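K.L.:
The following block contains the structure, expressed as structure tokens.
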């Protein structure tokens, strides 16, 4: 049935659009829908690949080989730990994400082969985002200065990360509309510009109301760079106009929310800076332990410090290759084993605890290779420059949020990792097609 639907011209495009809208759906609703959509896309891509004659097939390259090698390594460690673990040892949770690289190449192939059917995807994504944001924001609570969730997530931090990703995409959508105004100012372009601005405004309102300090910081670092990159690529006259409008909007927002930002961020920020200074001077973490014991730091920040200290203890036991899925054994023997969570509130610590420095280096090098694929495809004009910038800035934002939350263990993070890696492989396949048109 899947094969018949995929080959039917009438059904093909709407089915693919629905599947590719479900893939990032974790930004709107925290669910596993993206996994099922991704699974169907992988099946469709595999069927297409096997029907393609060998001379016309793409190759996965060194990055693809590395992905399969990593997945095999992780699977072997899973099996070894499960077979040798003592009775009663609880194996870690959320471990399956480290097998995801096995799907990167094939998902990228799906994007590559079905790209002609996905041209309306950005517009549909923005329209769905507008509806989801519009119906989920508690305007009364936000304007009253209360903490309020938005979108449909388990807590305000998850919602803020999702809203931040949508906001970064909205800025790229706005840039595309602004550049389109240079060629024509017809109603469709103006409507797209209005849609992008409205989605961005809703995102910022929701993120402000959710009061996630880590997301505020990540967005505060990402968005100025993104706006600067946008201005560089606009015509000079429009650059001045848009720059002035952006500066006025930022100034207005800061005046409106400065008091709340200071109230929320100052205690944690000052505590963090003081502890960093103390650690740098003392050369150890004794000052951190003293701050936790005294309760001198904000409650939520103190909880994070306990989790990070526990993670450091586990990493110290297995620094190079990590503790694998048996990491909870070391965690249960750590100084703050009674901490209320085992979610480490730092995505990099999650990797270090499980796979050590070697695992973190692997992902850094892999995403460095992905960045090269995306940049080269943009330089060859195989993808729009705006698409490459969207990829870069969403990746930057997500990487910054990992400093304060384990978003790579969430549905948002899993779907983002799949999409970003798949897009990079799509760019790699486009380059192969450009060099050899026989490759389909």
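From the backbone N, Cα and C atoms, a Cβ is placed for every residue, glycine too.
All TrEMBL annotations are machine predictions without curation.
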K.L.:
From the ranges 36-57, 124-145, 278-299, pick the one that TrEMBL records as transmembrane segment.
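P.N.:
Going through 36-57, 124-145, 278-299 one by one, TrEMBL gives transmembrane segment for 124-145.
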K.L.:
Examine the ranges 11-27, 79-95, 96-112 and name the one recorded by TrEMBL as transmembrane segment.
P.N.:
96-112
K.L.:
Examine the transmembrane segment (215-234) against the transmembrane segment (124-145) and state whether at least 3 Cβ pairs sit under 8 A, considering only residue pairs 6 or more apart.
P.N.:
no
K.L.:
Going along the chain, which residues at least six beyond the ends of the transmembrane segment (96-112) come within the CB cut-off of under 8 Å?
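P.N.:
Here the qualifying positions are 38, 41-42, 44-46, 48-49, 58, 60, 64, 66-68, 70-71, 74-75, 118, 354-355, 366, 408-409, 413-414, 417-419, 421-426, 428-430, 433.
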